[in-house]
């Protein structure tokens, strides 16, 4: 999916509002995913998945950092996310559907925290962005 110039502007503006909260929002999205889609917990058998756990917060920071990296490389997402794609495809073997589930939870989290900025156009742009990130992360599965 190709991001238009307007999409890129919307994504950068929205992520700019996220600011230093990317890790917190990532952790919140993970918690939402674990609650709403309990089968996703199977990829984290060694984690304490309780609310506010240090392990979920640490992984949320990784998610937030990866998305921040992606926002900074909207014109070369495959290059920017190549190592993460390798990790998830070859080492972790995460089922690709889980990226869609986490994307849904990220959108919900952003809508809660950025209600005035989460317009239909921004929602659509963020959805396209997260879908593109998911596609890149699953590209090495083939």
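Placement of Cβ uses the backbone N, Cα and C atoms for every residue, glycine included.
Listed features, source Swiss-Prot:
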- 2-142: domain 'Globin' (DOMAIN)
- 59: O2 binding site (BINDING)
- 88: heme b binding site (BINDING)
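Between residue 59 (O2 binding site) and residue 88 (heme b binding site), the C-alpha separation comes to 14 Å. Helix first, then strand, then coil: DSSP counts for the domain 'Globin' (2-142) stand at 108 helix, 0 strand, 33 coil.
Among the binding-site residues 59, 88, the residue whose Cβ has the fewest other Cβ atoms within 10 Å is 59.
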